[in-house]
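Q: When I checked Swiss-Prot for this same protein, it listed these features:
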- 61-121: zinc finger (ZN_FING)
- 69, 72, 95, 98: Zn(2+) 1 binding site (BINDING)
- 85, 87, 111, 114: Zn(2+) 2 binding site (BINDING)
- 143-163: transmembrane segment (TRANSMEM)
- 180-200: transmembrane segment (TRANSMEM)
């Protein structure tokens, strides 16, 4: 049986003959015109009879076989690919930054496919980052409104309390005890309401901050050196895969 393969442009697919002896595989005869994709035509024959012809794109096949990140689907041009878990094939390689971002967003420490537990270090994010972006839109509005109210009510309550106490002292000097007691009671009620509102708001936002801090930690992946797949090795694997697929024989 004889198998031959030629590469041409999609507009022209002439016959490709081979003078190789029976049982041998003819090497590829390929050409790339104007940088366009190569189309491979595989012809299989036995004892002079045509068995099958297959046309496929060579460049697409070789591109799909190259290692890429399973999250962003990019190669190792910008960042080296890692193989930190027990996943194999196209799901076995991933960028370090992509994995750290996914572990931080999902608040997990294991692979969702093979359930391999990663070795990670979690560091809490600073308070300033939470103040800039506390979470959902309604939490942003609540935080902004409470901060404005606190900045406005605090000096107002302080001045009102001071004026009430000053008036109570003046009424005591003029023997007006009833008015003095009323002003003192008003001052106590004013500060009680102010402190109650401040404590409730502060406790509410502390709970939101603790929840945000727990679910939005900075994740640092700790990977042994043996798990790191260098970019040169990735390129070599892609080249071997390219050659292996180019020499397939379809009968």
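Here the Cβ of each residue, glycine as well, is placed from N, Cα and C on the backbone.
Can you tell me where each of these features sits in this structure?
A: Taken residue by residue, the zinc finger (61-121) breaks down under DSSP into 18 helix, 9 strand, 34 coil.
The Cβ of residue 98 (Zn(2+) 1 binding site) lies under 8 Å from the Cβ of 69, 71, 72, each of these being in the same chain and 6 or more residues away along the sequence.
Contacts of residue 114 (Zn(2+) 2 binding site) defined by a Cβ separation under 8 A and a same-chain sequence distance of 6+ are given as 85, 86, 87, in order along the sequence.
Beyond the ends of the transmembrane segment (143-163), by six or more residues, the same chain brings 131, 134, 187, 190-191, 194, 197-198, 201, 205, 208 to within a C-beta distance below 8 angstroms of the stretch.
Counting only same-chain residues 6+ beyond the ends of the transmembrane segment (180-200), those with a CB under 8 A from a CB of the stretch are 150, 153-154, 157, 160-161, 164-165, 167-169, 171-172.
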Q: Non-local Cβ contacts of residue 111 (Zn(2+) 2 binding site) (under 8 Å, 6 or more apart, same chain)?
A: 85, 86, 87, 118
Q: Just to confirm: which same-chain residues, 6+ apart in sequence, have a Cβ under 8 Å from the Cβ of residue 95 (Zn(2+) 1 binding site)?
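A: Looking at Cβ-Cβ distances below 8 Å from residue 95 (Zn(2+) 1 binding site), excluding near sequence neighbours, one finds 69, 71, 72, 74, 79, 80, 81, 82.
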